[in-house]
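Taken straight from TrEMBL:
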- 1-83: region 'Domain I, interacts with DnaA modulators' (REGION)
- 80-111: region 'Disordered' (REGION)
- 149-279: domain 'AAA+ ATPase' (DOMAIN)
- Gly160, Gly162, Lys163, Thr164: ATP binding site (BINDING)
- 338-457: region 'Domain IV, binds dsDNA' (REGION)
- 365-434: domain 'Chromosomal replication initiator DnaA C-terminal' (DOMAIN)
Amino acid sequence: MTQEKWGQLKIGLLKTVGQNNYTTWIEPLEFEHLQDGVAVFSVPTNFMGNYVSQNFADVILYELNTAGANVQRVTFRVSANSTANPSPRPVPEASKAAARATEPTASPRDALQAAPLDSRFTFDAFVVGKPNELAHAAARRVSEGGPVTFNPLVLYGGVGLGKTHLMHAIAWELRKRKPELNVLYLSAEQFMYRFVQALRERKMMDFKVLFRSVDVLMVDDVQFIAGKDSTQEEFFHTFNALVDQNKQIIISADRAPGEIKELEDRVKSRLQCGLVVDLHPTDYELRLGILQAKVQQYRDAYPGLEISNGVLEFLAQRISTNVRVLEGALTRLFAFASLVGREIDMELTQDCLADVLRASERKITVEEIQRKVSDYYNIRLSDIIGPKRLRSYARPRQVAMYLAKQLTSRSLPEIGRRFGGRDHTTVMHGVKRIEELKVIDGQIAEDVEILRRALEA
Ligand SMILES: Nc1ncnc2c1ncn2[C@@H]1O[C@H](COP(=O)(O)OP(=O)(O)OP(=O)(O)O)[C@@H](O)[C@H]1O
C-alpha cells in the first residue's frame with residue numbers, strides 16, 4: 001500500500017459513501033502506513049477518528065482488501081501535525097463579534113473548530129479581585145480537566161465582566177493540559193445556527209453525533225436561546241446526553257438561569273444543578289488592577305508614553321463597571337496621546353474621553369452622599385449641610401465633600417452650593433484635607449472606603 005494507491009482507492013469510496021460523507025469523513029483521511037495487517041490513517045481530530053472508525057471502518061477495510069492489500073484492521077489516530085486541538089496560537093483580530101459571524105456549517109470537522117479563541121483571553125491576563133474571585137476559582141478548577149465535580153459550571157454576570165474571557169481561558173488551558181480532549185467552544189447563537197442548518201440539510205444525525213462526542217462543551221451567552229423552542233429542546237437533549245456521559249459542560253449567561261425569561265423550566269433547572277457563580281460588577285480596586293495590567297501591555301505598543309497613577313485612579317473611579325468600556329478608554333487615550341504627541345495627563349484625559357466620562361457618569365447624587373455620610377457618622381443631615389464648625393460635624397462634612405468630588409461630576413462651586421451655599425474654596429480645602437488624612441489616618445481611609453463602596457453598590 002502506498003499513498004498513491006490510497007489516493008485511488010479513496011475515490012472508489014466516493015460511490016459507496018456518497019458525496020457528503022466522502023467530503024466530510026473520507027477526504028481528510030491520510031494513509032500513514034501498513035504494518036502487520038494494520039492500516040494506520042491519520043485524522044485531524046479524535047472525534048473524526050472515532051466517527052470514521054465506527055461508521056466507515058468496514059467499507060475502508062473492504063476496499064483495501066478488494067484492491068489486494070492484506071489488511072485485517074484499520075485504525076485512525078490524530079497526527080502530530082494535525083490542526084486539531086491546536087495549541088494556543090494568536091488570533092489577533094478574533095473578537096466575539098467575529099466569532100459570532102462565523103458562517104454556520106454542518107461539517108463536523110469545521111464545527112469542532114467553531115469559534116476562534118481570542119489569544120488575549122488567558123488566565124494570565126485575567127485580573128482577579130473580590131467581585132470575580134469565585135468565578136475565577138471555579139474556572140481554574142474546571143480548566144484542570146480532572147474528574148468532573150460540578151456539572152454544569154454556569155458563569156453569569158452583566159455585560160463586559162469577563163465571562164467570555166474566562167471561558168476562553170478554560171479552553172486554552174484545557175488544550176494545553178489535556179490536548180486529547182475535544183473541547184468545543186461556541187456561542188449559543190452558533191449552536192442555533194448549526195442546529196438549523198443540520199435540520200435544513202437533513203443532517204441531524206451528524207449534528208447529534210458531533211455534539212454528543214465532545215468531552216467539554218462550552219456554550220457562551222446561553223440566554224440567546226430563550227424563546228427559541230426547538231433550539232432549546234435540542235440543547236436540552238445535548239445537555240442531558242453529555243451529563244450522562246460525565247462530560248463537562250460550561251455555560252455563560254448574562255443573568256442567573258432562574259431569571260432568564262422564556263427559558264424553559266427544565267433547561268433552567270438543569271443549569272441550576274451544577275455550580276452557578278456570578279461575576280459581580282467590578283469595584284474600584286479591580287478596575288484599577290485591570291488598568292494597571294493593560295498599561296503594561298501598552299508600554300510595548302507605545303514606547304515612551306507614560307500614564308500616571310493619578311490618571312489611572314481617575315479612570316477607575318469614573319468609568320463604569322464594564323471592563324470593555326474601561327479598556328476602550330485606555331486604548332483611545334494611548335492612541336490619541338501618541339497621535340498628538342502629548343503626554344497623558346488629566347487634561348488630555350478629560351479632552352479625549354469627555355463622551356465616555358459623560359456616559360458613565362455616576363448616578364450618585366450629592367444628596368445621597370450627604371445622607372449616607374450622616375447615617376454613617378450618626379449625625380443629622382442638617383448638621384452636614386449647616387454652618388456648625390464643630391469637629392464632629394466638620395470632618396464628616398469634608399468626607400462628604402470629598403466623596404461628592406470623586407463620585408459625581410459636580411464642580412466645586414456646585415458642590416459648595418449643595419453644602420449650604422459654601423464657597424468653592426471651602427470645598428477644595430475639604431477635599432484636600434481628606435486626601436491628606438487618608439494617607440496618615442487609617443480610620444479616615446477606612447471610613448471613606450466603606451462609604452464609597454456603599455454608595456457604589
Ligand atoms: N478580570 C479581568 N481581567 C482582565 N480583563 C478583563 C477582566 N474582565 C473582563 N476583561 C476584559 O473585558 C473585555 C470584556 O470581557 P468579556 O468579553 O469576557 O465580557 P462578557 O462578560 O463575556 O461580556 P458580554 O456580556 O458582552 O458577553 C475583554 O476584553 C476582557 O479581556
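Cβ atoms are placed via backbone N, Cα and C, with glycine included.
A 10 Å cutoff on Cβ-Cβ distances gives Gly162 (ATP binding site) a total of 26 other Cβ atoms nearby, all chains included.
The residues near the ATP site, meaning same-chain residues not in Gly160, Gly162, Lys163, Thr164 whose C-beta sits within 8 angstroms of the mean position of the site's C-beta atoms, are Gly157, Val159, Leu161, His165, Leu166, Ser252, Leu279, Val323, Arg324, in sequence order. With helix defined as DSSP H, G or I and strand as E or B, the domain 'AAA+ ATPase' (149-279) counts 68 helix, 26 strand, 37 coil. Cβ contacts within 10 Å of Gly160 (ATP binding site), excluding its own Cβ and spanning all protein chains shown: 20. Model confidence over the domain 'AAA+ ATPase' (149-279) stands at 92, taken as the mean pLDDT rounded to a whole number.
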